[in-house]
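In TrEMBL this protein carries:
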type	residues	note
DOMAIN	17-81	domain 'Glutaredoxin'
BINDING	K22, R59, F71, C84, D85	glutathione binding site
BINDING	C30	[2Fe-2S] cluster binding site
Amino acid sequence: MNKTIKIIEEQLKNNKIIIYMKGSPSCPSCGFSAQAINALNLCGIHYAYIDILKFPAIRKALPQYSNWPTFPQLWVNNELIGGCDIILEMLHNGDLLKLASDNKKYVNIINLFIFIILFKII
């Protein structure tokens, strides 16, 4: 487990924004991962990802390391932000847009409003 923890710490250190998810951004393997990725993409956030289904040791160790039992897990600046519910809450209250602007990426407002309307989160 120590080796896996060191790998996780390196991933967090080397990536400002990283999401541990089931599947990939182009092919999420669960609805929660899909919703989280859609929110990040709509805000133009540049991120790294780890498909935990391909790395069972990370899938097992990360919940213990983070004290967060579920996936996806969004990390920013080596700090756990949370999972799908928190990401969607941040989208709703504007914090995800702030993260996008802090990350100096273009924010596609039209797509964001379409997402909000489709998912009726306002």
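The backbone N, Cα and C atoms fix where each Cβ goes, glycine too.
Note that TrEMBL annotation is computational and uncurated.
These figures come from a predicted structure and were not determined experimentally.
In the domain 'Glutaredoxin' (17-81), helix, strand and coil residues by DSSP number 23 helix, 20 strand, 22 coil. Cα separation, K22 (glutathione binding site) to C30 ([2Fe-2S] cluster binding site), rounded: 6 Å. When the binding-site residues C30, C84 are compared by the number of other C-beta atoms lying within 10 angstroms of their own C-beta, C30 comes out lowest. Cβ neighbours of R59 (glutathione binding site) (same chain, under 8 Å, six or more residues apart in sequence): I52, L53, F71. Taking the C-alpha positions, the distance from D85 (glutathione binding site) to C30 ([2Fe-2S] cluster binding site) comes to 14 Å.
A Cα-Cα distance of 11 Å separates C84 (glutathione binding site) from C30 ([2Fe-2S] cluster binding site). The least crowded of the binding-site residues K22, D85, judged by other CB atoms within 10 A of its own CB, is D85.
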